[in-house]
C-alpha cells in the first residue's frame, strides 16, 4: 500500500507520472490556494473507478492482447458446435493419423485460369505391404472444396437449438478435411480441440468461482473479525497450502466412483480443484480487509452510523472488487493447468468428455511424437490460453487501484 | 558520454566565468544554478515542474528555498544531482560547481557543469556525496534497516576515499560524535531500528558529512520530526556549517524554520522563483505579492483569531458538554492466546478534560503523546480501558459513553463528529462527493431522497464548494477541497461537537487559516463546540480558547490558551514552546531553548 504520510507536500509534484495524470491533472490548478470553487475540468476528473481502471488498463499493451485472446477463447468455447467442422467423436477409419492439410484459397484450373474458391488438396493413403506403415501423398488432381456457413451434420447449439450450418464445411457432405490432422481413430483434431476449449476454459471459470466463494467467505470472516477467528482460519489455510497438491488431486480423483456419468465427474473434478485453490484467494481477501479496516474512510462510515453489513458491502467491497477480479484472473490459468495435468495422467476427466488434457493423453506415447506431432496442438492451446490469462491478470492487477501512486 | 573519465576533469565544453563578482575580495559562489528547467513528460504533454530557475549558493551560507506543495522546490533540488524520478528529466540549464572556490581544492580553476554529466556516469557518482551531499525528509526510510549505523556512515567514506577499515571506524566515530549522537562507541554498532527519528536524522547528517562536502542539500530534513527535535537538528546543521564553511541549500515549507536558519531566501511558486534576497529584507519588506501573502498567513496564525474573540464576546461559553473523567487506554493488554498476561502499551493515562459548550479546546502534543488516541476514546471509536466519557445530550441527559455498545452509540455519534487528518484516505475514492456527504443522512433514514439531495447542496454551499462537486469523485479535488468535503460530512447530521484531528496538518500554510476560518464560521452559524488536536502550537493559538498539553499519555497542563502560551507552568510545555520556530529572523538566537528531561 501507499505510504500514509502526506507531509511531503511535493509528493504530488515529484511523481506525477506514477500518480497518473488523472489524480492531479495539473498541479498548478490542483494545489491552488486560490478559489476553493475551482475544480478541474479534465475528463478524468469526472471518471468513476471503473473508467479510471479502464484508462490505466488500456495503456498495458500486453494485457490488452491477453484480453483479446482470452475473449476469443471463451467465444470459441461458447460456440464450439458452430465452429467445429465435424462431430468431434465421429471417427473415420481411412483417415487414421491423417496429417494436417493446408487451406488454399486460389483455385487454379488445369487450363491456367484461376478463381477464388477455398479448398484443400486430397491426400491418398498408401499402405506399405511389408511394414504396414501408412503414408499420405498429395493428389493434386483431387480437391475438396470448402464452404463457409454451409450445411453440415445437424447438431444442437448448447444442446438446445437445432442447427445445421457450421462455420466451415465441405461442399460434398461425404468428404472430410483435417486442418489440424486426425488422431488414432481418424477423428478431426480441429473439432476436438475446439470442443476441448469449452471444457478446459469453463472448468477454470467454474472452479475459480467455487474457490472464490470459499475464499471470500473465509477470508472475509478472517479479515473482518480478526483475533482468534483469524488465527484459526489462517492456520487452516496454511495446512491446506502445506499439503502437496498433486498427490491430493490424485488421491481425491482416484476415489471418485468409476460409474459416475461424465457430467458428474466433471463437476466433481472442479470441486476437487477448487478445494485446493481457495487458499490463495482467501489470503488476498483477508489482506485487503485488514488494510481497508484501518482506512479513515471506513472509520468515517462507522461513525456515520452504518451497520456492519453496510460498512462491508457499501464501503469496503467496492475497493476490493477490482483486486478480487485481478486475483481471479490469475487463478484461472492455475486451474486450467491443474485440470490438464490431471486429465493427462488419466485421473481427471475421461473420454467421452473432451478437454485439452484428455486430448494430450492421446499424445502420451513415443509413436505420436514420431508419427503424428499434430496431436500436440491442444498443448499449444493450453500454453496460449494460460499465457493470455496471465498477461490479462497482470494488467488488471496493475490497474486495479487507480488511486494509489505506486502499485506494490 | 565517456563515463570512465576521472571526476576531476572538467566535463563538457569549457565554461567561461561570466559573473565574477567580488565578495570580500573573493568570490564565494560554489554552486550556481543557471536557467534550470525540469520537465515531467506525461501523456498530456510535458509539464514544467521547474521553470527557468537561477540560484547561487555561497560558501558558509544557507539558502532556503520556500514554497508550498507543488512549487517544484524538491524537484529542483533533485535536479542538481540528476536524481529526479522518471518520467522527470532535466530539460535545460546549467548547474555549475566551482570546486576551486572551496577550501579543499583552492587555487586551480575547476568548474564542472553537473548537467553535462550522464546521470549514471562514474564522474557524477564521484561528485555525489563527496562534493554535494543530500539529506532527505523521511529518516525512517532513508537508512537501510539491515546494516549497522557505523557501516552505513563508513560506506560513504570508503566510496570516495581509500581508507583502511580501522581508519574508517575511527572517522565514523568522530562523525557520530560531531552530530552529537550520545555514546557513539555503542551507537556505531547499532541498527537503525534502535534509533529514534531524530537520532536517525543525525545519522543521516553524519553520512552526508562523511566526506566534508562543499554543498549540503537538505530536502525538508525536519518536516517529519517533532518540534523539539527539529530545533536540535537545526542547531546542529548551523554549528556544523560554522565549522566547515559549507554551503547549505535548505528546502522547506515552514517560514519559522526559514527565519531560524536562512541567510538568503528563494521563494518558489509554480516552478518559478518569484523572489530572492536576504532573509532580513524579505521578512521585513517582501516585494512579490505571493511572498507577502505567504508571510501574512504565517503571521496571522501565531495569534488568537480576532473573529473568535469577537464571537466569544457575543456568545459566552456554556456548561461542560463532553467530559473525560480519568480516561485510560491500554493497547494490546489482556491475555494472549496462550493465556499469558500481556502488559500492553499505556497510550492515555487518566486524562481529565472537559469541553464546554461553544468553546474550542485544543489538545497539543508531540507524536506518540496519545493525543489522537484520546480524541478517539472521547468519541468511543476505541474502547476505553478505564474511566468515563460523560456526554450531555441536547435534552440535558448525561450519558456515559464508555460502556456503550456500537448500537447504543449511533445517537451520540450523530452529535459528536470527526474531521480526519488525512484528506486522501478519509474520503472513499469509489463514492461521489454527494454520496459521501449524504451517507450519515441516508443511514439515519429520517429524510427522503430529494430532501437529502437538497441538504447536501446546502452543505456544499456552507463549506464553500460549488454544486458541480456533487457528482464528482474525490480524486478530482485538491487537499484543501477534500478537507471541506470532510467538514461537510461532519456537519451533515447537525452535530454539536466536532473533533478535528490534525485537520489542517496536511495542508499548506495559506490553506490552514482558510480551513480554520471556515470552522469558526460554522461555529457561529451552527453553534458547535470543537476539539482540535494538533502538534502545531500556532494553529491551536489561532483557533482554541483553551489548551491541554499532552506528554506521554498524560495531560501535563491545561488552561486558557494565551495564559499557557505566555506563562507555561509545566517544564515540558516550556520546552515545547521554546522549540517552536518563530517566523522572524530578528528573534534568532534570542530565545532560550529549554530541554525537557523527565524526572521520575
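Glycine residues also receive a Cβ, built from the backbone N, Cα and C atoms like all the rest.
Within the set A:263-285, A:286-308, the record from TrEMBL flags A:263-285 under the feature transmembrane segment. The stretch that TrEMBL tags with transmembrane segment, taken from the ranges A:162-182, A:372-392, is A:372-392. Residue ranges A:39-61, A:62-84, A:85-107 are listed, and TrEMBL annotates A:62-84 among them as transmembrane segment. The transmembrane segment (A:236-257) makes no contact with the transmembrane segment (A:372-392): fewer than 3 of their CB pairs lie within 8 A, with pairs spaced 6 or more apart in sequence. Counted as Cβ pairs under 8 Å, contacts with the transmembrane segment (A:320-338) are highest for A:199-224 among A:62-84, A:199-224, A:344-360, A:372-392. The stretch in A:62-84, A:199-224, A:344-360 that contributes the largest number of Cβ pairs under 8 Å to the transmembrane segment (A:372-392) is A:62-84. Taking Cβ pairs closer than 8 Å, the transmembrane segment (A:344-360) reaches residues 88-89, 189, 192-193, 195-197, 199-200, 203, 249-250, 253-254, 262, 265-266, 269, 336, 375-376, 378-379, 381-382 in its own chain, all 6 or more past its ends.
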